[in-house]
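J.: Per TrEMBL, the features are:
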| type | residues | note |
| --- | --- | --- |
| TRANSMEM | 28-47 | transmembrane segment |
| DOMAIN | 105-343 | domain 'GPI inositol-deacylase PGAP1-like alpha/beta' |
| TRANSMEM | 655-676 | transmembrane segment |
| DOMAIN | 656-973 | domain 'GPI inositol-deacylase transmembrane' |
| TRANSMEM | 697-722 | transmembrane segment |
| TRANSMEM | 751-770 | transmembrane segment |
| TRANSMEM | 807-827 | transmembrane segment |
| TRANSMEM | 867-890 | transmembrane segment |
| TRANSMEM | 932-950 | transmembrane segment |
| TRANSMEM | 956-974 | transmembrane segment |
Amino acid sequence: MIVENGADSSATRVRYPLISKRLRKRSAVLTFIGLLLVCALGLSHVFHKFTGADAPKCRSIYMYPSYARIDGFDTRYTKLAKKYHIYLYREQGKDNAPLHGDEIQLDGIPVLFIPGNAGSFKQARSIAAASADMYFDSKSSIENSFTKNLDFFTADFNEDFTAFHGQTMIDQASFLNDAINYILSLYSQSNAYKNSNRTLPSSVIIVGHSMGGIVARLMPTLPNHIKESINSIITLSSPHAAAPVTFDGDILRIYERINTYWRSSMDDTNSFFRNNVSVISITGGILDGILPADYTDVKGIIPESNGFGTFTTTIPEVWTPIDHLAIVWCDQLRHVIAKYLLETVNDELSTKTSDLDTRLRLARNLFLSGLEPVTHQDKLLDNNLLDMSSNFKNPISINEDRTFWFNKSNPMKSDFIFDISGNDKLQFQLLTSLHDIELLFCRTKDNKDCIQGSSSLSKIPRSSSATQYPTDSSWGSGFSPFRFISLNSTDLKGFETILLRNTITNDDDFLIVTIGNENNIVISNINPWEISMSYFQKSLDFLTSFTKTVCFPKLWSSLISYRLNVIFSEREDSSFNPLVRQYVNTQYESKWHLFPSSGSHDINMHNIRPFISVDDTSDKSLNLMFFAPPGQELRIKLSINWLLTFKMLFIRFRLAIASIPISLIALTLSYQFYYFTSDTSKFISFETALTNIVCRYSILILGFLSVTPLLSDCKILLRLLYLLDPTSLNNPVLNDHTITNSYMLGLREPFTWWIGPLFFTISVATLFLLTRIFNILELVAVKTAKLVSDYIPVPLHSNSEAPSRKYMIFSTRQLVGICFLFLLVMYYVPYQFAFLIISLIQIWTCVRLAILNYYEPSKYNNAHNFNMSFLILTIFMIPINAPIVVVFFRNIAIRWETAFRSHHNFLAIAPSLLLILRNSQFKLPVIKSKQNWLIVVTLSAYLSFYSFTYGIRNLYWVYHLYNILNGVFFVLTLM
């Protein structure tokens, strides 16, 4: 604060901040830059289309659905029967009708589908229809002698907004626990089970979409859960790792409760969970524009012995990203899920599912690419030993490093025996377009104890002149995929020879084998700083192998996208075109990029992500595994794709749109009160305060924002921030090697220093633009008032809200309104609804003050400036409260008669209500002591600090701090 002494030494004069021409020009430039950035982000989000491996390629589906509502499940069994319902899906022409006369016809194995946020029970139809088609029409393709058709039950939640409201999530989980109990009881009444003496089911398979997957994991934590009634869960685009929105504290506490329960259950090696329950999380990846695919990870919650997370681009014969809604109907994916369900059921057991190890082995086979290290344990497991000593006659023995390439012009005319004994650094790789291949691994050199190895081959996309996308050879397409296997000395331990036989008859078929000691991994230590200034470039020759892997240990941030350019000379004798597998080991994400010709492809990954825990000891590298015909040379160039980088920021930092502007507004309010030291002081305008903060301290603010990524690796600082967080819901250090950066923007990569300044600049521009809009609206209000007053005498200068007696704080009308809102909030509506009402009152107060300030600025200027700043802060609180109001009105729309059973805390609205009513009387907080001044300035600054540091993951608490601040303001208006 600047003080000038006058002639009288006892008199002081405060020099208030002003907006000079220089400052105004700076703010205009910053606003312009911010708006340009907003346009850049918006345009990149709208106009950048996903191509190549990121292009949506789901095929259309057809079905003949029918639904039977289970009316017997009524209020006798659950108190929520009037709001929620259960349906049984039946595929017409295949499944039995649910009723035959008065007899229940349930002859299958129960599966329960749980829809997600605003989801429909009809979303179950795609997977249910695929299961029925496969069982009744293609049963021979199911490799399970104990399989049975599936009875798909599906929950009707009336399209409730599960993601917005914690109590709704609890209600759904409680309802489903009761539903499972009822569903299991139906099978004891079914003649199909009675007449055949089949084992009655004791558990239900769960398929959950979006928040339905979280509801499934919440169910076992509730008191009404039937023990051991759930042991197999598949989730589709479910946010296991973090809540997608943080408007409701109940949601965050439920997440904490769920994850704590599951971690402790899985840590207990003797528990039912650890020995029986499997959780498979599937996400559509980059196309999911509703939920960040980062949040679907289950690492740190579910051990690999019980489940894993995977991407649809990883799943063999799916190989396409899928958006949030399409993941329940995508033809390629529903076929794989149906196959998994039918091959993991066991009708002879009461659980109706195979044991945990069998389920996980099948899940790894169907949902992972087969090239991940974790899948190696499932290879070469055939126990049927074969004697091949007389079958392979006059073979060619190979005991040296070589590459073999066979096609129609160079057919394999003999059997081959590869001697692999005594080699502890061996690498064996095979790639073929053949569907049937005789590949055996023998434990003795006389070829007597051999096992079939063809089942261990993994499917990879066909890359040829006829295919452009990986899905061109996916399930249901006209082309068959390639098959590939890569084994190292650990995988081949115990084997002495490899036998290979085949006859190529088709012109397009080929087989390539490489055996040797060569390490085909190229490691590049280039970092994002270097690649942003130039690019990575390298030539890869495939003289002695058909694969090369380029590993980038320092390119691990999910926030940075790249562009890969591949240049090669097309060869007429090539059996296939080059392709590349992009993968990371922190999550099981693989993408396949095909190169019909030289060109570029986008590289985007879900690796180290904001707000998600990461094991610092794990391999975080970006890996590119290239496949090319022997003798081919590829020239590759990797550079940053800024357009895709900007596009993907929005999905991950949507909540920053509220938290960072609130932080700036609170800081501006603190700055305003810094100069408002008494009731005779001038309360500077919001625009003036913001302009001075931005222009005078921008270097300091931008510098701090730029170094925030460096702070995330300091465990001491993270622990300190955790201790300072009043919610204590986001423990940043779960153990010595697992860190979760839930603070600020969740950044860890130093190269992402620019993201903080980016959002700061956008927020500043947004606030300046908002003040300009308010200025225009105020001008319109004044002009309208003048026009109306010329024809109708209106007492514009009066204050009708003033109390009738001096000892009264509020007028009679205001007291009635307070009592009415109190009763509503306590017994019927959530306090968020009351907040929207009082926000309208604050808007009207600002309109009145704008008019009065026009006529008497000396009298109303302070009240006008304070109320406008307070209104801007209040407006940004509306998005935090609006979702609960949406849930409330949704309940009214479906005529749910029970009162809204949460958020009836009148104290959560009382301070804001009382202050806004005092604002309507044009009463300002009165600063009569330095202590009061210090409290206001400090509390406003703390709101700014909290909103920036913790706000994205705790937006609901930002509102509570705002409410506390309003309570202080209200008390000061009484002084």
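Just so it is clear, glycine is given a Cβ too, placed from its N, Cα and C backbone atoms.
So that I understand the layout, could you describe where these features sit and how close they are to other parts?
T.: Distant neighbours of the transmembrane segment (655-676): 1, 14, 16-17, 245-246, 682-684, 686, 689-690, 692-693, 745, 759-760, 763-764, 766-767, 862, 865-866, 869-870, 872-873, 876-877, 879-880, 927, 933, 936-938, 940-941, 943-945, 947-948, 951-953, 955, 958, 962; these residues of the same chain sit at least 6 beyond its ends, with a Cβ under 8 Å from one of its Cβ atoms.
Among residues of the same chain six or more beyond the transmembrane segment (751-770), those with a C-beta under 8 A of the stretch's C-beta atoms are 27, 30-35, 37-38, 41, 527-529, 532, 557, 559-560, 649, 653, 656, 660-661, 664-665, 668, 687, 690, 694, 701-702, 705-709, 744-745, 872, 875.
Within its own chain, the transmembrane segment (867-890) has Cβ neighbours under 8 Å at 158-161, 164-165, 168, 245, 247-248, 658, 661-662, 665-666, 668-669, 672, 685-686, 689, 767, 770-771, 774, 829-830, 832-833, 835-836, 839, 842-843, 845-846, 849, 900, 903, 912, 915, 919, 955-956, 958-959, 962, counting only residues six or more beyond its boundaries.
Long-range contacts of the transmembrane segment (932-950) within its own chain (CB-CB distance under 8 A, at least 6 residues past either end) are made by residues 659-660, 662-667, 669-670, 673-674, 676-677, 721, 725, 727, 742-744, 925, 957-958, 961-962, 964-965, 968-969, 972, 975.
Sequence-distant contacts of the transmembrane segment (956-974) (same chain, at least 6 residues past either end, Cβ-Cβ under 8 Å): 246-249, 252, 658-659, 662, 726-727, 809, 873, 877, 880-881, 908-912, 914-915, 918, 923-927, 932, 935-936, 939-940, 942-943, 946-947, 950.
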J.: The transmembrane segment (697-722): which same-chain residues, six or more beyond its ends, come within Cβ distance under 8 Å?
T.: 30, 728, 730-733, 739, 741, 743-754, 756-757, 760, 949-950
